[in-house]
Amino acid sequence: MQALAEQTETKNVYDVLDFNLWYGNNQALKNISLQLKEKHVTAIIGPSGCGKSTFIKTLNLMSRLNPDIRMAGELNFRGENLLTTSMDLAELRKAVGMVFQKPNPFPKSIYENVAYGPRIHGIRKKKELDEIVESSLKGAFLWEEVKDRLNKNALSLSGGQQQRLCIARALATKPEVLLMDEPTSALDPISTTKVEELITSLRDSYTIVIVTHNMQQAARISDETAFFYMGELVEIGPTQRIFSNPEHKRTEDYVSGQFG
């Protein structure tokens, strides 16, 4: 039983091998190889322009929205190379949700924001939608704050509430993976704390990949940390080791604040 538990714990959702990405003639990611573990929080850190956000957007192929992008290598999700698979993009993005730096709720009601995804994927019965909306808002620590005003415009919420609504919207499609691109950088400290608590509560149910500039945040909430520099992966490992005993001097210099 113990061996089975260890095997389950270390299952990889993503296996990236020699992955390269170009914007036109400019190479933005160079020979990236890493594994992202199931039901772990992985923080992606590094200075501005190092490729963090570019990398995370490849994980659900949002990068394909840019016609100038070219990719090579292996980007394996559930054992399928996303660069060669015929997997439907809508199904991929249902399985791999995305939360952006700036809260981006739809200009619709709170209810409709959360129900939108399930409707797109064929759920029509009001009772079922009601249950999904409630469970998703509870999962995002927002239900108690909005349960009596679900028909209010989502844009009437505070910035922190809007970001948690966007997380609820991502949860509503029952994803396997949540990608978060600096989800707290536009929030005040109190809202940031709530989102960090939310991420901690979700880690047992979802694989989470978060881009952050905040070293303290990465140390607080992640199980593993990957350090990117100038389009390359310098190292990845358990967060405690990355911050206390990194293998590379460049990592040590970055996490100790000597450059950023």
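Note that Cβ sites are derived from N, Cα and C of the backbone, with glycine treated the same way.
Taken from Swiss-Prot, the feature ATP binding site covers G46, P47, S48, G49, C50, G51, K52, S53, and the record attributes it to sequence analysis. Positions annotated as domain 'ABC transporter' by Swiss-Prot, on the basis of sequence analysis: 8-255.
Recorded features from Swiss-Prot, shown on the structure.
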residue : record           : Cβ neighbours (10 Å)
G46     : ATP binding site : 25
P47     : ATP binding site : 14
S48     : ATP binding site : 8
G49     : ATP binding site : 13
C50     : ATP binding site : 22
G51     : ATP binding site : 22
K52     : ATP binding site : 23
S53     : ATP binding site : 17
Shell list (ATP; ref centroid = CB of G46, P47, S48, G49, C50, G51, K52, S53; cutoff 8 A): T54, F228, Y229
Reported mean pLDDT - the domain 'ABC transporter' (8-255): 95
